[in-house]
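What TrEMBL records for 1-23 is signal peptide. Under the heading disulfide bond, TrEMBL lists Cys33-Cys48. Annotated domain 'Cupin type-1' per TrEMBL: 60-208, in sequence order. Under the heading oxalate binding site, TrEMBL lists Asn105, His110, Glu115. Residues annotated as Mn(2+) binding site in TrEMBL: His108, His110, Glu115, His154.
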Amino acid sequence: MVTFGKVLVIMAMLAISLDKASAGDPDMLQDVCVADLTSGLTVNGYFCKKNFSEIDFSSMTITNPGATNNTFGSVVTGANVMKVPGLNTLGVSMARIDYAPGGINPPHTHPRATEMIFVLEGELDVGFITTSNVLISKHIVKGEVFAFPRGLVHFQQNNGKVPAAVVAGFNSQLPGTQSIATTLFASTPTVPDHVLTKTFQVGTEQIEKIKSRLAPKK
């Protein structure tokens, strides 16, 4: 006979299993699977290459500050599977984010990963918005960490007078980034004006103005 207590135990075990299954990238099935970035075949991840070395597990890509002389005054330099092929199937990656004074890493999401940042230099105003439209925000300083839950819209801004920089960690080899503004106003093909005017309750002229400012530089 199945008792209520046994049902609770089974449900708890199922919840733990489902949480583990959806917490990040799938578990690896072998010691290493160094990504074959030259393969023309597409899978959920990358095929393993036969021969690999220590070089596949190392990179200097986030050693130096990135150039922040752009529209938003920030730049993200990834150390993901595309730069470190040995990360394939390991479910982790990193990035360095540099901010000019006044620079912003505008509202965006990472559909495949939770993010945690560590402030290397400067200070930042950061935050994320829950699905209940609650803003969780904080002013963070050098040496401090802050976490952004997977899939939630979040941002970082340097409101200081000196440059700032962070190192970010992700529980995915390729977390993906979807910027809210560029997704809506600079997609290809573009989102129809009538969708955006209705959504934001503004006129077509204003929508076109925003699109022109966010359009890719030619």
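Cβ atoms are placed via backbone N, Cα and C, with glycine included.
Feature map: TrEMBL annotations on the structure.
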residue	record	Cβ neighbours (10 Å)
Cys33	disulfide bond	20
Cys48	disulfide bond	16
Asn105	oxalate binding site	25
His108	Mn(2+) binding site	19
His110	oxalate binding site	22
Glu115	oxalate binding site	22
His154	Mn(2+) binding site	22
Neighbours of His110 (oxalate binding site) among the recorded positions Cys33, Cys48, His154 (Cα to Cα, within 10 Å): His154
Distance check against Asn105 (oxalate binding site) for the recorded positions Cys33, Cys48, His154, keeping those with Cα within 10 Å: His154
Near-site residues: Mn(2+), ref His108, His110, Glu115, His154, CB cutoff 8 A to centroid: Thr109, Phe128, Phe148, Leu152, Val153, Pro175, Thr177
Oxalate site, defined by Asn105, His110, Glu115: further same-chain residues with Cβ within 8 Å of the Cβ centre: Val76, Ala95, His108, Thr109, Ile117, Phe148, His154, Ala168, Phe170, Pro175, Thr177
Candidates His108, Glu115, His154 (binding-site residues) - the one closest to Cys48 (disulfide bond) by CA: Glu115
Residue pair Cys33 (disulfide bond), His108 (Mn(2+) binding site) - Cα distance, angstrom, rounded: 30
Distance from Glu115 (oxalate binding site) back to His154 (Mn(2+) binding site), taken between C-alpha atoms, in Å: 10
